Amino acid sequence: MAAESLPFTLETVSSWELEAWYEDLQEVLSSDENGGPYSSSLGNEEGESKTFTTLDPASLAWLTEEPGPAEVTSSSQSPRSPDSSQSCMAQEEEEDQGRTRKRKQSGQCPARGTGKQRMKEKEQENERKVAQLAEENERLKQEIERLTREVEATRPGSDRPHVNLQQV
């Protein structure tokens, strides 16, 4: 049996993007549990609400690839008139902007929180490294001082004239 290819690429995805997809998935799943299409206020001035139904494969491809406008009309749109495809693209852009606005208004910005946590962890790790290096530096200074004292103690003995026993 041949393996099917994945509908998306396995590239690195930023944490904020994953969080956004996760939130969208939670919204869709909660609408399925409630027995119908999901209706949500997107936070725009008119209080307009959009109805979301299940995602089709073209929408998933659009979410994962984020293609330019030409690719959207060629890959995910059925043959329509130019006006209808432009209005559909505008609607998708409005939905995307609405989701972004909703996340910003709700105060959920996971990338910043995660980023701050990572920065804090890295800062703590760097502080530990600095402390270890300072201890090592102090130990090496003490070793240098000890060796310097040892050299100074042996130097007077080495200044005596050497006697060549073969000449006698």
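Using the three backbone atoms N, Cα and C, a Cβ is placed for every residue, glycine included.
Copied over from Swiss-Prot:
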COMPBIAS  30-43  compositional bias 'Polar residues'
COMPBIAS  74-87  compositional bias 'Low complexity'
COMPBIAS  118-162  compositional bias 'Basic and acidic residues'
DOMAIN    98-161  domain 'bZIP'
MOD_RES   Ser14  phosphoserine
MOD_RES   Ser15  phosphoserine
MOD_RES   Ser30  phosphoserine
MOD_RES   Ser31  phosphoserine
MOD_RES   Ser78  phosphoserine
MOD_RES   Ser81  phosphoserine
REGION    10-26  region 'N-terminal'
REGION    30-168  region 'Disordered'
REGION    133-147  region 'Leucine-zipper'
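Overlay of Swiss-Prot feature records on the structure.
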residue : record        : Cβ within 10 Å
Ser14   : phosphoserine : 9
Ser15   : phosphoserine : 14
Ser30   : phosphoserine : 11
Ser31   : phosphoserine : 18
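For the region 'N-terminal' (10-26), the DSSP counts in helix, strand and coil order read 12 helix, 0 strand, 5 coil. Looking at Ser30 (phosphoserine) and Ser14 (phosphoserine), their Cα atoms lie 24 Å from each other.
Mapped onto DSSP classes, the compositional bias 'Basic and acidic residues' (118-162) shows 41 helix, 0 strand, 4 coil. Reduced to three states, the DSSP call for Ser30 (phosphoserine) is helix. Note: the CA-CA distance between Ser15 (phosphoserine) and Ser31 (phosphoserine) rounds to 24 Å.
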